């Protein structure tokens with residue numbers, strides 16, 4: 001077992017007594033064994049490691065070192081670590097051996113290092129014990145099960161919300177979406193509309209060009225005040241100095257920036273690169289671009305999203321192969337230029353009755369402006385679109401049921 005090196009993590013409980021365990025399991029002869037000895041010999045003020053014991057004079061097997069994550073500042077803090085937390089970890093390790101989570105024949109060959117989180121405001125020793133016992137045993141099981149798998153991580157990375165973070169950072173992983181274009185010049189009206197919009201993950205909020213021109217990119221932060229977890233697009237229609245404008249929008253917490261497809265390839269690529277660097281989406285607005293597929297082929301860096309506008313001559317439009325095009329061109333052909341993760345947004349006189357057609361032709365994002373922001377009943381107008389879209393992705397999901405195999 002000289003090559004064993006596994007990592008486990010678990011969070012259990014609620015309130016100040018919440019338990020968060022990080023642990024490493026490894027051979028005494030390997031790097032974990034070295035770290036174990038080093039930590040015992042090199043104590044840190046406020047983070048003194050201690051051997052896990054089930055009771056005085058009875059250390060658990062395999063040998064386990066507990067390291068407090070939060071600085072121990074007084075004897076009250078120390079009592080929580082040396083009392084309920086230490087007992088919880090020791091018993092969890094012993095029970096993991098008894099239940100054959102840890103093979104009994106390797107307990108003398110391996111060691112565990114367990115990082116324990118104890119909130120200084122925690123009071124209930126029973127909860128400290130129970131939560132840390134459960135979290136430690138679960139973390140051990142996860143370590144030996146190699147949980148989570150890479151596939152699990154990729155499936156969950158854009159879905160979860162960290163309980164301490166308090167809000168969900170949206171990613172466009174499960175289209176379709178409705179993008180509400182706030183093409184306004186009045187901040188009070190903007191706030192009123194946002195408050196009236198349904199609180200749905202399917203809704204994206206666009207800081208329209210008039211808003212940005214009148215109030216600057218700071219208007220993005222004002223939108224964020226009204227809806228902290230929203231996905232916000234800054235419609236800058238960037239033509240030049242894209243890097244500067246993208247960074248300005250990103251600094252105000254924009255999730256995406258719209259770049260004009262009329263810019264030079266160099267300017268567009270610089271803006272797309274800056275979006276990638278800032279960790280936000282790039283949207284290439286193809287308004288008045290005559291040959292969209294060719295434009296995309298010319299770009300070395302592709303945008304995350306291409307925005308297509310309705311062509312008024314669409315009823316007579318066909319592509320080079322004679323295939324009838326949608327109002328927004330041959331969406332499937334355009335999407336093929338972006339790669340499998342590329343998205344298509346459509347705009348231009350979109351009404352609820354056109355949603356099914358747009359989605360059937362391959363659109364991922366439906367952009368609506370006047371129909372919603374010009375309505376006396378903003379919520380109803382938005383719901384006119386939303387009834388054509390699926391439920392929010394996790395409406396019927398019981399996330400905890402999907403975490404562990406039985």
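Any Cβ shown, glycine's included, is placed from N, Cα and C.
Note that the structure is a prediction, hence the values are computed from the model and not measured.
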Quiz item: Given that Swiss-Prot lists 51, 69, 71, 86 as binding substrate, which residue among 14, 22, 124 does it place in the same site?
Solution: 22
Self-check item: Cβ neighbours within the same chain of residue 71 (substrate binding site) - under 8 Å, at least six residues apart
Solution: 46, 47
Self-check item: Residues near residue 22 (substrate binding site) in space but at least six apart in sequence (CB under 8 A)
Solution: 7, 8, 9, 69, 114, 115, 139
Practice problem: Could you tell me the maximum Cα-Cα distance in Å between the residues recorded as binding substrate, namely 22, 51, 69, 71, 86, rounded to a whole number? | Solution: 17
Quiz item: Judged by the number of other CB atoms within 10 angstroms, which among 20, 69 is the least packed of the recorded positions?
Solution: 69
Quiz item: Given residue 20 (active site, proton donor) and residue 86 (substrate binding site), what distance in Å do their CA atoms have, once rounded to a whole number?
Solution: 14
